[in-house]
Amino acid sequence: MDENGDPAEPLLLQRHDSQVGLAGQSSDAIEELLAQNKTVPYRWWLSLVGWESRILWFLSGASIIVSIFNFMLSLITQMFTGHLGTLELAGVSIANVGIQGLAYGIMETWNGFSMNAFKGLWSYFKLTAASAIMLCLEIWYSQGLVLISGLLPNPTVSLDSISVCMNYLNLDMQFMLGLSAAASIRVGNELGAAHPRVARFSVIVVTATSILISLIFSTFVMICRTALSKAFTTTEAVIAAVSELTPLLAISVFLNGIQPILSGVAIGSGWQALVAYVNLGTYYIIGLPVGCVLGFKTNLGATGIWWGMILGVSLQTLTLIILTVRTNWDEEVRKAADRLRKSADDENLDLVNGIA
């Protein structure tokens, strides 16, 4: 209340009147603004989007660059090998399936030994196991399609065409996984800080950003459909097969603008186990069988296998959209507070036991 007894104008709206930007504002101030039931000018929403976007790109920029350059090591090798012949391209494609599937599982992450490393191990394992299963079910599915395509009639061309398209899809995935990690961090931090409205706003901004980027990437794929295949091979049969798959690749690239981001939101919100079940059902119980039927029992071949993947990803994306839209963010804040409280209690108990 001001001195006249009227409701005081929020500090953030006062700053809006003086055209002060949001660059220096904290999440607490943004949460206060979003909690107001007043009509906020359109240009103020643009300032909010800019504020959130700066944070997202700051968090995801380095991760995106590192992921893309790491993936380019195998991608460029495969490009050079493809110009040696279709059989050579098929062989390298199969080898890359194993490399990409195991590379991140054999990294050296623990140097030395300490009993302190086992403190809180069970709670950490429960959290990370669900995340690992969720991600592995997703990655292994796309890698498995490359292997399955080798069982189709004319396996060399089928394997080469799916492998070329899958490489471009995985390159796009490296970009989106960076945004996914940023979304996970933003949502987790804001829920832990008791900012449900900022968390929800962050989800909206990162999803809209990734959809816009995916539309641009999808359009680029359609425009460069012939050039994409010529980067890997000069064999006309493979070029024609890749051109036939390119529209489906564009659809998959667009879906990649939604699905990984919402998976990141799920990780930040602690829904890893639920999304792991969703991945299992949509990919392996629905998408994979449908793709195999279309690929082996019809004349669609590699196109049928890819349609099965699109079906699985579409169902997964739809499920994640429903879960996200129906989320009660105030309830998620309460759950996050309970998890933080339990973690603090466990640390205090360990401290007491250590003193004793």
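Glycine residues also receive a Cβ, built from the backbone N, Cα and C atoms like all the rest.
Of the given residue ranges 32-50, 89-107, TrEMBL assigns the label transmembrane segment to 89-107. Counting only same-chain residues 6+ beyond the ends of the transmembrane segment (248-267), those with a CB under 8 A from a CB of the stretch are 131, 134, 138, 165, 168-169, 172-173, 176-177, 179-184, 187-188, 203, 206-207, 210-215, 217-219, 221-222, 274-275, 303, 306-307, 309-310, 313-314, 316-317, 320-321, 323-324. Counting only same-chain residues 6+ beyond the ends of the transmembrane segment (203-228), those with a CB under 8 A from a CB of the stretch are 49, 52-53, 56, 164, 168, 172, 175-176, 179, 182-183, 186-187, 239, 242-243, 246-247, 249-251, 253-258, 260-262, 264-265, 324.
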